[in-house]
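Notes to accompany the following structure.
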Amino acid sequence: MKKTPLLNIALSRVIASLGHGDILVIGDAGLPVPPGVELIDLALTQGIPDFISALRIVLSEMQVESHVLAEEILLKQPPALNELNTLSDEAALGERRLVSHEAFKQLSRKARAVVRTGECQPYCNIALVSGVTF
């Protein structure tokens, strides 16, 4: 059995297959998944799992170079934004880029996979750009 926190087989497989610059999206329950992009559906019910818990577990296995958020998250100020800022301050997310929510949805078309959580706070979506460990 794995020793790291991430136990989901599909998610672990996708992270292990990422190359430098590849994108993994973690989204709330309402984020549309583009046709042809793999969906890893973790959602059980509203709020379970929450966005931040899923993100923290992904970060336990993924080297992140940068991340993209929809700028609307700054307007709505969901509680998850404080956690995102903390992770940014800890350098776990690399450089931040803000785009419109529509541009974020277009970016998700390039993702290797979209991880759907049960999160129901507005704009709790992040595109993680894979880095390298060397």
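Cβ atoms are placed via backbone N, Cα and C, with glycine included.
For His20, the entry in Swiss-Prot reads active site, proton donor, with the evidence type sequence analysis. His20 (active site, proton donor) falls outside any helix or strand according to DSSP and counts as coil.
Under the heading substrate binding site, Swiss-Prot lists Asp28, His101, Tyr123, Cys124, Asn125, citing sequence analysis as support. A coil conformation is recorded for Tyr123 (substrate binding site) in the three-state DSSP classification, outside any helix or strand.
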Any further residue of that chain within 8 Å (Cβ to the Cβ centroid of Asp28, His101, Tyr123, Cys124, Asn125) of the recorded substrate site:
Gly27, Gly30, Leu31, Leu69, Ala70, Glu72, Ile73, Phe104, Glu119, Gln121, Pro122
Among Asp28, Cys124, Asn125, all listed as binding-site residues, which has the most CB atoms within 10 Å of its CB?
Cys124
